[in-house]
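Note sheet for the following structure.
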Amino acid sequence: MESANSIASAPHPTSILLPVAHNAPSGTAGSRLARRLVEIGVKDVFFVPGDFNLTLLDHLISDPQLNLIGCCNELNAGYAADGYARAKGVGACVVTFTVGGLSVLNAIVGAYSENLPVICIVGGPNSNDYGTNRILHHTIGLPDFTQELQCFQTVTCYQAIVHDLSDAHELIDTAISTALKESKPVYINISCNLPGVPHPTFTADPVPFFLAPKVSNQWGLEAAVEATANFLNNAVKPVIVGGPKLRVAKAQRAFVELADASGYPIALMPSGKGLVPEHHPQFIGTYWGAVSTSFCGEIVESADAYVFVGPVFNDYSSVGYSLLVKKEKAVIVNVNRVTIGNGPSFGCVFMADFLNALAKRLKKNPTVLENHRRIYVPPCIPLNHAKDEPLRVNVLFKHIQNMLSGDTAVIAEIGDSWFNCQKLRLPENCGYEFQMQYGSVGWSVGATLGYAQANRDKRIIACIGDGSFQVTAQDISTMIKCGQRTIIFLINNGGYTIDVEIHDGPYNVIKNWNYTGVVDAIHNGEGKCWTAKVQTEEELIEAIATANDEHKESLCFIEVLVHKDDTSKELLEWGSRVASANSRPPNPQ
């Protein structure tokens, strides 16, 4: 994928022409699938073995350019493929039929919501069992093998059931190319007896994929640019706000070119963090309604025109539907449509084409940027602490900020880490990922595994709450096995803090673990892993120094003990507004 902070030098995406593999193993469906994965850029495949996929795994392992990574459970394998796709542009996982497929399903839903092309491969029943009344294990005891397929149909953009070799090549190729074109997950089910059977359609090297570039309707593009230019050039105080769909539209560079040409200040929606370069001189922070970066929310909401590029307005990003933006002042630029105010709306106009063309038509207008600079006051630093005073969360993130560079990336788990990580100022080339749309608790452990595997040159800093960690902790094991050097800050505050601020109750308190002890047990003396437990700023400083020096090549797990009520002020405000939205009474009937 295109890094938000290296977009200036990135080539403009027009098409994907994948090379022919001249010395690839050929002749079977298993080897063809392996070759196709390598061609599209997948070097690591995350899997959990099961009796229906073992033969397929044999053929994937036999490809010297594929590295198979066994995970502790299917959910984490899917999360790892999600994280890998964020870094590489596409990811893949392999599980077994139904018990594995339904376990990985939650991760695939998350990838679908975030527009990530994940190839989900399932080893399926023997081809001879289709159309019979046989009852198989790993099912609910009915002679119906479509239950798994039905579950995947609404959360993948293509489903391929391969139980006949005569069309296996077509189904596999269509599934993979559709994932790339639609930037959504796909589902491939291959009967367990087919991966190693030769077939004439697999004897030759595969013809390379060619994915034709998406081209805007020229008339629609010109009309959209003309109307938008008139709208914005007549405004006095316009701003630009970037959203999460910049990624799927591959429009980060075009976004920056528009900002450079217009002189408008640029903000980002919370789910767009990491896609907009924060070192840009016109960057003013995160627009998140009542919990925006200081002075950013005021600037955006007082503008007389705002360009939202690739936005998603849901209850979380709108802080319980409380944004003070007016539709008639907005230009909404979606992946393939532009809408100005309450109309007109122009279809078949692709985001990058539109932004590039619009940049040439706008008059430079730095009015709002100059106003922001007049009113801006730099953020204050946390209050001084007494010696051995219990560590505060804002002090923790002050030190995490100082750890960031172009050689690091941040993974933020759902919870208060969303809000604290959102306030981090990302240096050039520093990566950032979190899952805001789906918000699946525990996502970050598997995603960190996959993202770190794809980004071996970066040190990943993962901020994970104790409740989330308990959901998916096992694959710390896989990180150690893969020799990853991630730094994990486990924030131990005794429960589901984000839920506490929405609606408190005894169900938000969890059983405390000895988290460093758990990780030490998983480590078990094999591989490189170091743990520490910190309760004061002095201990934190020492732990960070150790992680960056003598254990810089190890996975470092730092458990941070903080008070259960120590949260960001943004979570307090956001939680009360989301609670208000959740508790709206039924409309009168």
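Using the three backbone atoms N, Cα and C, a Cβ is placed for every residue, glycine included.
According to TrEMBL, the protein has these features:
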DOMAIN    28-133  domain 'Thiamine pyrophosphate enzyme N-terminal TPP-binding'
DOMAIN    225-343  domain 'Thiamine pyrophosphate enzyme central'
DOMAIN    435-559  domain 'Thiamine pyrophosphate enzyme TPP-binding'
Going by DSSP, how much of the domain 'Thiamine pyrophosphate enzyme N-terminal TPP-binding' (28-133) is helix, how much is strand and how much is coil, in residues?
52 helix, 22 strand, 32 coil
Roughly where does the domain 'Thiamine pyrophosphate enzyme TPP-binding' (435-559) sit in mean pLDDT, to the nearest integer?
96
Do you know the DSSP helix, strand and coil residue counts for the domain 'Thiamine pyrophosphate enzyme central' (225-343)?
39 helix, 25 strand, 55 coil
Mind tallying the domain 'Thiamine pyrophosphate enzyme TPP-binding' (435-559) by DSSP state, helix then strand then coil?
58 helix, 27 strand, 40 coil
